[in-house]
Structure formats: structure tokens, C-alpha cells
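Per TrEMBL, the features are:
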- Asp69, Leu70, Thr71, Arg96, Gln112, Asp116, Arg265, Tyr269, Tyr270: L-histidine binding site (BINDING)
- 1-355: domain 'Aminoacyl-transfer RNA synthetases class-II family profile' (DOMAIN)
Amino acid sequence: TRDHPPAHTALRDRLLAAVVACFKRHGAAAIDTPVLELRETLMGKYGEDAKLIYELQDQGGELLALRYDLTVPFARYLAMNKITNMKRYHVAKVYRRDNPATTRGRYREFYQCDFDIAGQFDPMIPDAECLKIVHEILSDLQLGDFLIKVNDRRILNGVFAVCGIPESKFLTTCSTVDKLDKMPWEEVRSEMVGEKGLSPEAADRIGEYVQLHGGLDLIERLLQDPKLSQNKLAKEGLGDMKLLFEYLTLFGITGQISFDLSLARGLDYYTGAIFEAVLLQQENDHAEEPVSVGSVAGGGRYDGLVGMFDPKGRKVPCVGVSIGIERIFSILEQRVEASGEKVRTTETQVLVATPQKRLLAARLKLISELWDAGIKAEMLYKKDPKLLKQLQYCEDTGIPLAAIVGEQELTDGVIKLRNVATREEVRMHFYIRFHKC
């Protein structure tokens with residue numbers, strides 16, 4: 001992680017607030033889980049990314065780890081508390097033993113913003129809502145054009161099966177396919193053959209499928225595919241994908257959705273629909289180099305994860321999405337720096353000011369009454385500050401109003417409320433018992 005100046009911290013706080021507001025709008029309840037988990041809780045859930053888990057050992061010899069994401073702790077939480085139905089959100093830090101790339105919003109300690117729906121429901125309705133949430137957030141933040149890629153692990157596994165890949169190699173092949181957004185097909189094929197031990201013929205057959213992308217028309221075409229239509233897993237996945245697109249059409253968001261067979265999501269716990277959002281226009285006219293931060297949201301269905309933590313193996317179907325808040329913040333941060341825009345570091349509404357000396361008591365009395373009334377107020381920590389300095393502080397920090405109280409105002413039982421930007425003033429009745437200090 002890194003230190004942030006107050007302006008950038010305020011920018012991130014507003015970004016987090018916008019995301020949380022969307023989660024609440026969809027009826028999610030907030031939960032929290034510990035930063036520390038048992039090592040055995042996290043291991044075996046993340047595929048090749050397990051090497052990025054921070055492992056710890058306490059003084060008693062217990063093996064612990066810092067949480068890698070918020071999904072596995074949530075599944076453990078559901079199992080331990082015997083919860084079978086929940087819509088939740090969670091905003092918290094996670095930790096990864098990764099190589100930082102600050103310009104791409106990639107850190108070892110960073111925030112994740114998760115939304116999940118747990119419970120037994122009719123197919124694809126919760127999945128469609130997760131995609132709607134991603135669409136709402138990325139639209140509201142006005143980051144530019146974006147695309148949400150969707151696929152289904154069952155379709156991928158069906159593709160691997162009809163291409164002659166043994167089931168024992170499904171997960172490792174999946175993690176290689178997941179690199180297609182960063183590497184050309186030739187390099188991915190080379191890794192399949194050279195490192196994963198697939199035959200060149202099998203890799204070529206996979207390539208014919210995983211380079212396809214489209215919409216309902218592609219789903220219909222694959223449902224008629226002579227090989228895939230004979231595979232049970234692929235047929236189930238394609239049927240649900242068709243249903244998902246029908247719901248997304250009702251939501252009116254299919255213009256930003258692409259059915260993409262190259263999307264794999266490398267985590268082992270996904271069992272069905274998977275999705276990932278990417279920005280299409282990441283260029284910044286004011287920056288020397290384009291802003292490139294990769295995906296800004298991702299998620300999917302993980303129906304088997306809760307059962308791993310239940311003593312009786314009881315499953316709770318789940319689907320969720322994680323918003324890449326640090327990556328989005330990197331984009332907004334660079335835009336603000338390039339534009340020279342001032343970001344307010346506080347939410348202060350009014351500065352209590354005095355134009356003459358020996359009126360500290362009046363300021364303290366007035367600001368106390370404002371605080372008690374729930375108004376966000378500040379004052380300078382000097383006994384006799386000059387009025388010009390107080391008004392300059394308002395301009396520097398973006399405080400919109402100054403409540404000015406002088407000897408005449410005290411005599412008349414009023415305060416002078418000044419709009420700092422327009423310099424307009426109005427007198428308001430406000431009794432303050434006069435004490436000189």
C-alpha cells in the first residue's frame with residue numbers, strides 16, 4: 001500500500017460511499033470478518049494464486065494467514081453460523097504477497113468492495129442482479145466506455161472435455177486460458193503445450209472455441225454445435241447463459257455485455273457463471289502515458305464453497321461480485337491530478353469567524369451550538385485571528401460558508417452568514433450570550 005494526501009483520501013472515501021450506496025440500494029446488509037483466518041481455511045481455494053497468500057504463525061504454533069479476498073471468509077461465515085439465505089456487502093482490506101504496480105492500482109494491501117447473494121433461488125436471477133450492480137456503479141462513476149464479459153465454468157469444462165483434455169487438467173488449463181486478456185493466443189497455446197502438457201492438437205481445438213465472443217446469437221450457435229450440444233455440462237451452462245441474457249435484456253444493459261469464451265477467472269472455487277468488467281477507454285489526454293489498470297470488477301457463482309466449511313457438507317449456492325476500488329481510484333486520482341481540480345478534504349459546512357479581538361468566547365459558544373445541532377463546523381485555533389485569514393482558510397479548504405459574529409452582531413442578536421464564493425451576506429437571528437475573552 002502507500003500513503004495518500006488528504007485530497008486523495010477524501011476522493012477515495014467518496015468513491016467508496018458511492019459504491020456502498022449502490023449495494024444498500026439493492027437491499028444488502030453489511031457484515032465483517034476477521035483479517036486473520038486459519039491457514040487451512042484459505043488454502044486450496046485460489047488455484048495458482050495460493051502462492052500470494054501471506055502466511056503467519058502465532059506464538060502457540062497455530063498456522064494463520066491474512067485474508068486473500070472477502071469471498072472465502074464469507075463462505076466460512078455462512079457455514080459457521082448456519083446461514084442459508086443472505087444478501088450482503090463487505091468493504092475491507094485484503095492482503096496479497098504480490099509485486100506492487102502502483103500506476104495500475106496493484107498493491108499488497110488494498111480495499112475490496114464485495115456484494116454477494118447466498119441462497120437457493122431460481123436460476124440466473126441473482127446472477128443478473130450482480131451484473132446490474134456492476135453496470136450501475138461503472139455508469140454512475142462516469143469512467144468512460146466499459147464492457148462486462150461473461151462466461152460459465154461449465155461451458156469451459158465442456159469445451160475442455162470435447163477437446164480431449166482429461167478432467168485432472170481442467171483447472172490448470174483454465175488458469176492458462178485466463179491469461180488471454182494479457183497474452184496473445186500464440187503464447188497461451190505455447191504455455192498449454194510446453195508447461196501444462198497438452199497435445200498441440202488439443203490446444204488448437206481449444207483455440208477454436210476460446211477466441212469466440214458475442215451475444216445471444218453466439219449462444220444459440222453453440223447450443224447447436226455438434227460436439228458441445230452432446231456435453232451435459234456445456235449444455236447446462238449454455239442454457240443458463242441464454243436465460244441470463246434474457247434477464248439482462250429486460251434490465252436494458254446488454255449493450256455493455258459480451259459472452260466471451262476466453263474469460264476463465266483463475267480461482268478454483270467458481271462453479272458456474274463468471275464475469276469481469278474492463279474499461280475500453282483508459283486514455284488520459286493530460287497524461288504522458290495511457291492509464292492502464294486491467295479489470296475493474298469481477299465475480300461469479302461459487303455453489304460449492306460453503307459446503308467445504310460445513311461439517312455435514314451442506315451446500316449454500318452463492319454468487320457475488322467484487323468492485324476493484326483501488327484500480328478505479330487510480331484512474332480518478334490521475335484525472336484529478338491532470339486537471340488541477342481541487343478536492344475538498346473535509347465536509348465542513350461553515351467556519352465560525354470573528355472580525356474583532358477578544359471574541360474567542362463568542363466563537364466557542366456559537367460553534368458548540370452548531371455542533372450540537374448536527375452542523376459540520378470549524379474555527380481557527382487562535383484567540384484573535386484576522387478576518388481575512390479566516391476567509392482565506394475557507395477558500396483554501398472549500399468551506400462554502402462563514403458565520404461571522406462581531407460586537408455589533410452580538411448586540412443585535414444576529415450572525416452574519418457569508419457565502420465565501422459569491423461574497424453575499426445575510427443576517428440571521430442567533431442569540432449568543434456575550435463574553436469577551
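Using N, Cα and C of the backbone, Cβ positions are placed for all residues, glycine too.
Shown in sequence order, Arg153, Gly300, Arg301, Tyr302 are the residues of the chain, 6+ apart in sequence, with a C-beta less than 8 angstroms from the C-beta of Tyr270 (L-histidine binding site). Summary: among the binding-site residues (Thr71, Gln112), the fewest other C-beta atoms within 10 A of the C-beta are counted at Gln112. Of all the binding-site residues listed here (Asp69, Arg265), the one with the fewest other CB atoms within 10 A of its own CB is Asp69.
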